[in-house]
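Peer 1: My questions will all concern the structure given below.
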Amino acid sequence: MDRLVIRGGRRLKGEVQISGAKNAALPIMASTILSQGKHNIKDVPHLRDVMTMGKLLANLGAGFHIHNNETIIDCDRIKNFEAPYDLVKTMRASVLVLCPLVARFGRAKVSLPGGCAIGARPINLHLMGLEKMGAKIQLESGYVIAKATRLKGASIYFDTITVTGTENLMMAAVLAKGTTILENAAREPEVVDLANCLIKMGARINGAGSSVIEIEGVDELKPIANYSIIPDRIESGTFMAVAGITGGDLVLKNCIPEHLDAVIMKLKDAGVVFKETKKGLRVIGPEKLIARDAKTIPYPGFPTDMQAQFMAMMTVAKGTSIIKETVFENRFMHVAELKRMGADINIEGGTATVKGVERLKGAPVMATDLRASASLVVAALCAKGETIIHRIYHLDRGYERMDEKLRQIGADIERLTS
Ligand code: EPZ
């Protein structure tokens, strides 16, 4: 398994090209099931998870290939309606094919995703909504089997705000008979990107980005023609953390600051300086970060996907930071590894108390999930000495060429392939 070797202590300077958003690309790729014909999507990032979604679509009978910056998906010949366990277990977002399959073909057999490192991650709300729209749902040997002649519009209230739950049911509703209302819907920019793409396919959607989304079903949709995925706000946030912790000076190209208001405000409070320039968003790290508290909540609050990277910054900030994780029940897997590097962190339930230390020390550490691995990279870039990060396939799931991008801005980093 590949590992990264990082020698910390350098102030990173230069330009970083932010890639397309993984969490927008995955639902948009799944949405191609909703319409026959050849779909053309631009700026899809080259990531493990994207390749897994491509494999899943190919397994259904779709054609999938990437040509330069275009991802071409052809859903004319879908003849299989099953998302098998061996694919779904590697990527929970596979559940996003469930509703498009039922919406267009009236049937689907999708493996239950099972839990992951950060939590149980049930899909009960996805199934609740689908049932309300008239689907017959059975659970059998770890699979969801869903059937419907034609889905019908319904009013659906999410007890918990769910990003892929909102996306899945939006895709169920676009071909349903009648109107669907999604209440307490997720407001993430990736939900809006999916809605904008569906509207270009002919869907009738109002309110995406707010907590009430109204979808009026249509009889059919046309293929995606040249839709460009939004930039990845979490990759942008991760490089902001890199600038902050190394006292660096980076220009993030292809970043949408409005998607990161909560993160930018928090980092400004911690001493990071932001300047909008013609080339992109300039991010300048201070000599010493100031400890600040953070609490993760659904968008537009501070994102759970930035909690681990922010914690890495706080391990060397001046003062004590209280970080509350409210979205997932077990998203502190990075803490034990950061402590191996000399961080002073105590956990009580969903709250971590981080006392800033003078400097971290390089050590062999292990990635456990996508954002935990990003947190270890951020920490290693400022640690004294050498850090070896094992199991970086977790990082490759969500960051395109991370080691190359870091090397280009001056990091002493090497990927060892075994
Ligand atoms: C999406 O996951 C993202 N993944 C996650 O990003 C992100 O961390 C998460 O949203 C929260 O922002 C993709 O978009 C592919 P949820 P998702 O449904 O949709 C509970 C990354 O790092 N819940 O919004 O799976 C759930 O247990 C990944 O890129 C139910 O109880 O997350 C959690 O506590 C990690 N029942 C909360 O809701 C359900 O049916 C939020 O989960 C669904 C969710």
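Backbone N, Cα and C define each Cβ position, glycine as well.
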Peer 1: Say TrEMBL lists Arg92, Asp305 as binding UDP-N-acetyl-alpha-D-glucosamine: which of Val102, Val316, Val327 is in the same site, per that record?
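Peer 2: Looking through Val102, Val316, Val327, the residue TrEMBL assigns to the UDP-N-acetyl-alpha-D-glucosamine site is Val327.
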Peer 1: Same-chain residues six or more away whose CB lies under 8 A from the CB of Val327 (UDP-N-acetyl-alpha-D-glucosamine binding site)?
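Peer 2: Correct list: Thr296, Ile297, Pro298, Thr304.
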Peer 1: Using the residues the record lists for UDP-N-acetyl-alpha-D-glucosamine (Arg92, Asp305, Val327), what whole-number Å value is the largest Cα to Cα distance?
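Peer 2: Roughly 16 Å, rounded to the nearest whole number.
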Peer 1: Under DSSP, is Asp305 (UDP-N-acetyl-alpha-D-glucosamine binding site) helix, strand or coil?
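Peer 2: The residue in question, Asp305 (UDP-N-acetyl-alpha-D-glucosamine binding site), is helix (DSSP, three-state).
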Peer 1: Take the mean position of the Cβ atoms of Arg92, Asp305, Val327, the recorded UDP-N-acetyl-alpha-D-glucosamine site. Which other residues of that chain put their Cβ within 8 Å of it?
Peer 2: Ile118, Arg121, Val163, Thr304, Phe328, Arg331
